[in-house]
Amino acid sequence: MSTDENYCLQCPAGTRLNFDGIIILFLLCILLTFGDGLGGFYQDEMGQVYCKRCSIGTFVSEQQSPGTKAADCVACPYGTISNETAEYRACRCLHNFYRLDRFGPCTACPPNGFVCEKDTAILATNYFWKWTDHSEKEHFKGFVNNIHSFGPHYNHSYSTFDGSLPKPLNCPHAKSCKGGIDSECHQGYQGTLCATCSESFYFRFNSCLKCPRLATTITSSILVIVLFVAVFIMVFWGDSKRADNDRTVADVIMSCFKIVIGFYQVIAGIFSALAKVQWPVVLISTEKVLKVLEGNILQFAPLSCIHTSLRLDEFGKFTMIVVMNVSLVGLIFLYLFLKKRCIMKKEDLGVDQKVMEVKSLKKSCYRNIFLLLLTTYPTTSKSIVQIIPLPGACVETCFADDKSDCIFLLRADYSIQCFTPRHSLYWLMASILALYPVGFPLLALFLTYKYRESQKNEEVSFGLSVFFENYKREFWFWEVIEMYRKLILISLIFLFGSKSHLQIGLTVLTVSVFGVIYTLCRPIKNKFEDYLQTFVLWIIFFDVCLGAFYIDWDESQGEGKNDSIFVNILFLVLNASVLLLAIRKGILHMKSTWKYIIFNPIRCFGFLRQGVSRLKKRVVTGTETSDELSRLIQDRN
């Protein structure tokens, strides 16, 4: 019965008297459809204040509302909990089920990309989606908030979501995507798939790290340049300094330099390519050292931390690497040309002296060119391979299941969209240089075969010695094999993608085959360098096997970490030992020199003055100087 000041009326079946607490705000007959609404309630009597509940596991459907009899309560739809009352919905969803209609059936949660709880499906962490219609996203937000309301005061306007959910896409970097309706990125990440570093962050080993202080960044940039310049100066200085057998100090430096830098180039490439691996957490702490030893200043020094205008995408890095290679080689040739002219104009030198000086100049210049190209070959090749139109270079990214909204992104840099005018331009440039990764080792092989023992072209033979000097006579070609090994491990495995089991399989196979072949052939002639290279190959094998062991992890659980103390210590010791062994060898090699200096300080001071003068003369004129220190040590012995 409903009353007000003027009249009374009898509430029919299917309605109830509306109360707010104990105070009657207004006394009207409220249809169940607009009061308690659809769900587990009905009323088969007149003049009632409260509704009757449907039996367990039943509810009043939209077609039968308002429920006027117990028979209007039907079984709750598929995917719902049938052993409890329906309340203000068509029964709650089963565990790991969701619905898009408050009074509709529930659907099993998709295996990937969603977190299904409280009758809703929300984007999981480490996944990304894109809404094509902002209003549709806002309506879905309202639906989710509304369906989380279990009482009678839910919003009828948001009882259903008639649209379709976007397709969840796995983020390439496991700790970058927060998930959720808005598909937000974690701090330091931005853009499509949260694959780009935001301002004040820089990219290393599939992670965006906070930029260091400006002074630290500038200092590190200068130090890495000084380090590599120092190596080239040491090679230049050691041309006439005899080591053991018939090798010079420069030969020893170059050989160890190639082994050490080659090792860190390979493991840095592997660590970057195998993105799904839970590498030991100590890797992030040592990433700067790895980037120094990798020889790529664009990767070591976070130039974007100096100024945002210095942030380079993959196309910018490709351009910079090519320009740096061409510029450095061009500068060496320019130096050779100008220095040769200066020598030829000297009136105080005879013809024979001029010829000898020019020959010495050419030797040093040619060798520095080949050493530079050999050192930068892995990085340059990787930059080219990542852009050229190879299968896997571009990744199709669809934001809808029906592929109505798809784009292609460059696998090496998800901020770059493929098949755009800009991409086509760089695609053409990389295609022109596509022969370099395969062709440069073949060119080196041909030149080494032709000139390695040439007396007529002694300068070229001397320059090419970087490719064969440290190998046994019958294995003069082995450096070419090493170059292709680096190409496979640094560049090609990247194209398979981190989701591919073939990627880790090819990596394990490659390091195993090369390790076994090297162990059987032992092509390096120096015993220490041979042991060092063998050690290097088997450490790489250990790293890859470690990656294969820790590659399967649940992406929905957040960032994969390997914080085992034993694994981290073992990983650090083994990978650092290569550099430490090379340094130890250098210290032992100079032991006799330091011993002589300690026992003959006065004589060494005089020699130091004379040596500085001679070294200066050698750098300026390129003339041969005698190794007085070696002679003095030999006299002492």
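For all residues, glycine too, the Cβ spot is worked out from N, Cα and C.
The structure displayed is predicted, hence computed values, not measured ones.
Taken from TrEMBL, the feature transmembrane segment applies to 21-42 (among others).
Annotation source TrEMBL lists transmembrane segment at 214-237 (among others).
Sequence annotations record features per position, and here TrEMBL assigns transmembrane segment to 249-275 (among others).
Outside the transmembrane segment (318-338) by six or more residues, the chain places 298, 312, 361-362, 365, 368-369, 372-373, 376, 379-380, 383-384, 386-387, 426, 429-430, 433 with a CB less than 8 A from a CB of the stretch. The transmembrane segment annotation in TrEMBL covers 318-338 (among others).
Here TrEMBL flags 369-388 (among others) as transmembrane segment.
Per TrEMBL, transmembrane segment is recorded for 425-447 (among others).
Residues 258, 262, 265-266, 268-270, 272-274, 374, 377-378, 381-382, 385-386, 390-393, 411-412, 437-438, 440-442, 444-445, 448-449, 452, 466-468, 502-503, 506-507, 510-511, 514, 521, 523-524, 540 of the same chain lie 6+ residues outside the transmembrane segment (475-496) yet bring a C-beta within less than 8 angstroms of a C-beta in it. Among the features that TrEMBL reports, transmembrane segment is placed at 475-496 (among others).
Residues or ranges marked as transmembrane segment by TrEMBL: 502-520 (among others).
Residues or ranges marked as transmembrane segment by TrEMBL: 532-553 (among others).
Residues or ranges marked as transmembrane segment by TrEMBL: 565-583 (among others).
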Which listed stretch (369-388, 425-447, 502-520) has the most C-beta pairs under 8 A with the transmembrane segment (532-553)?
502-520
Which residues of the same chain, at least 6 past either end of the transmembrane segment (502-520), have a Cβ under 8 Å from a Cβ in it?
270, 273-274, 277, 481, 485, 488-489, 492-493, 496, 533-534, 537-538, 540-541, 544-545, 547-548, 551
